[in-house]
């Protein structure tokens, strides 16, 4: 008897009947979503025009070289600041405003200096010491506005007029700017660690890449044995981790100071400090026990589905071995994305650096009628407003181009998101078409077309550019809405309106869910486009109905497959990470002389974990989820069917 979830529903149509004459992606196609294709081409041409206009008006020196509050570059020959190459911010915390990304100007006084502060001092302490000796003032004035020489001026007025910073702290330059918080110090050390170990990180990633390739290819012959070995190995490794954490926890509980907690010591840049706390190892112990229990429960209750997923992975490995070019297609996607990201970044920089220096009247008295009006720096505004100054405000202009600069930046972002999603959609449709050619070949490899990947790529570009652009546009609009919501959230952080914050939080959550759903539906719609060559809306409807007719099967098999591949990732990435740990902590005697000395040895370990090779991805296998369902066969028989395709 069929399960309730397997019974056809009139709402989602009848299951497709098996057609023995069907031979994969149809060759008799026509162009789909032509109108969207035309709009997409026009937008690309407009994007090129936007980049050209931004290049004509922008000045990247405003980003490459720091600019002080008077619009002058730091460290440039022929300028008053030729010997002052470092930019000093009076209050760098004000630079956290998202509006800085629009005009690249931080709303605090900035001035060019020749060196960074090497001591801690406050303006109040300096005034007290000035009554005894002038030496503190002579040093402090190096970081005040040029021409300011009144150390007895009241502190409130100095801070109001921003004549001097409220304090100076020992700092070091980074990209010709000061960094002076502990977080910035950690960031500097991380950058230095990357610079010292990038070659070893690259070697480790190449090793993981090779192991991943071998793992994928071996799935064809020993899928069951290899995956069960992986599962058992992960269980044993986690069990060892549980034992080690318990041992460390027990030893630290017997030592003095065992009651010290993470809250007691607060944030520390040296992460090894936390390893001397029993609470840290207790957290590790609980986390590993939870993971171990979850894995065991999944294996016990879904053991039958595990065998089905193994059959799916075995068939996917066969397809990859017959179409080896699919392993390297992500390189094309990476190059296209790199071009797109580079163009977007350059255009953003030129847009943000467009315009001339605009000067505003900074009035000392609140009743000045000319306050915040545009002025000429050569004019003495103090005659009309006593104590007022004409200082640099921002870069801009009064032309239509400058008035709509914010709209142009938003357009730049929207088109960028559209192009990125289109490139990803093109890759998904191309791989789906290539694997569909393999799936419907009755005799393998005799019936597999020549160059299936190139043929699929050509079909996607020639016939379905409009459909891919349509799906990418829908996703880009949702992502753009999320960006706007994040911007509004940053604006409302200091607001006391709880209802507005709650509503914004709900909207962010809803749009996040909507984005995930659209990504899932788009991916399956592109598979249907690759097979049948229909328009986007029809393909999305067919894919949705097909998935809903098999909703339980899809959910369970998809999660189990993800789980098995995740275990493979954990095993390979964890093994490389363990070797890297012993390597960078100088515990391998053979290569100790070549190992760089790092501030944080976890930097390369984190790189191995987060930048795991693209090759070990379920992108090659997820195309089979829909293809297997299309034949209308029971997933319980997949392990039998896969042997006779």
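Backbone N, Cα and C atoms are what each Cβ position is placed from, and that goes for glycine too.
TrEMBL does not curate its annotations; it predicts them automatically.
Away from its own ends, the transmembrane segment (34-56) comes close to residues 343, 346-347, 350-351, 354, 401, 408, 411-412, 415, 418-419, 422, 465-467, 469-470, 473, 536 of its chain (Cβ-Cβ under 8 Å, at least six residues beyond either end). The transmembrane segment annotation in TrEMBL covers 34-56 (among others).
Per TrEMBL, the feature transmembrane segment maps to 198-218 (among others).
The transmembrane segment feature in TrEMBL is assigned to 225-243 (among others).
Summarising the annotation, TrEMBL assigns transmembrane segment to 281-302 (among others). Listed as Cβ neighbours of the transmembrane segment (281-302) (distance under 8 Å, sequence separation of 6 or more from its ends, same chain) are residues 231, 234-235, 238-239, 241-242, 245-246, 248-249, 252, 275, 556, 560, 563, 567.
As annotated by TrEMBL, transmembrane segment applies to 322-344 (among others).
Under 8 Å from some Cβ of the transmembrane segment (415-440) lie the Cβ atoms of residues 22-25, 40, 43-44, 46-47, 50, 318-319, 322-323, 325-326, 329-330, 332-333, 336-337, 340-341, 344, 448-449, 452-453, 455-457, 459-461, 464, 468-469, 471-473, 475-476, 479-480, 522-523, 526-527, 529-531, 619-620, 623-624, 627, 645, all in the same chain and six or more residues away from its ends. The feature transmembrane segment is assigned by TrEMBL to 415-440 (among others).
Among the features that TrEMBL reports, transmembrane segment is placed at 461-478 (among others).
Packing against the transmembrane segment (498-514) from elsewhere in the chain are residues 478, 481-482, 485-486, 488-489, 492: each is 6 or more residues past its ends and has a CB under 8 Å from a CB in it. The annotation transmembrane segment is assigned in TrEMBL to 498-514 (among others).
The feature transmembrane segment is assigned by TrEMBL to 563-584 (among others).
Residues of the same chain lying 6 or more positions beyond the ends of the transmembrane segment (461-478) and with a Cβ under 8 Å from any Cβ of it are 29-40, 414, 417-422, 424-426, 429, 511, 514-515, 518-519, 522, 525-526, 529, 533, 535-537, 539-540.
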